[in-house]
């Protein structure tokens, strides 16, 4: 199970790198054409997350792994549903397409969406992925994948409708996106594998960069400066600044509190590395977070 989690995390790390490059290119083209910055418009963080998601799906299904492509013609298709199908695989296929049902109706607004169109869209997108897998990746096409991917798309579309109704009365804006950004930051920085390796570490590894200054060659050492913390601190500061500038937006106050907590924790982590003492940084972190969070809530 852990091997699959690590493999999925590795795909996600590569997808984040690919999506970041794609987002930078798209932002540059958009700026040159319209003289506007994408990141200065509400919703930019959602667009970036969508790119990360698309890249992740592409890596998992090997659609974007062009290095493994080889034209093998039309291999066999399994057109009989529910034959020797694992419930875990059904669940994974459903969950994989759930975000697709959330994002696609948000970005394609020209279509008057309903349940029927959501089912058709989910089936067509899944069919295209299966086609590429069969022709270029040498995999067997499976009707079960299309069925459960479509189910995931439909569930995502239903959730998107519910979220639209819930958030319709909320004042959304950059402050809300600051909350999303700080949550992404936590996702990248919190260690999950043996409490030592985070997604941020795996991103650096995918770029052939050391995550710790103590690393040398193929030797993994958790000593020295933790390089992953540097961009995480920058993201936390950016999140706080955005939330501070747009305090009336939904989620802005929460974003400020979490950002401050993360900044202090990161600084405490550096102090702990330098002092080799875990008690003092922990106490200092707790006191500073309590004081600053109280002032943030008050103001």
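Backbone N, Cα and C atoms are what each Cβ position is placed from, and that goes for glycine too.
Between the listed ranges 255-273, 274-292, TrEMBL ties the annotation transmembrane segment to 255-273. Looking up the ranges 204-223, 224-243 in TrEMBL, the one annotated as transmembrane segment turns out to be 224-243.
Residues of the same chain lying 6 or more positions beyond the ends of the transmembrane segment (172-193) and with a Cβ under 8 Å from any Cβ of it are 2, 5-6, 9, 42-46, 49, 199-201, 203, 228-229, 232, 235-236, 238-240, 242-243, 245-252, 254-256, 258-259, 262, 266. For the domain 'VanZ-like' (68-160), residue counts in helix, strand and coil come to 61 helix, 4 strand, 28 coil, using DSSP.
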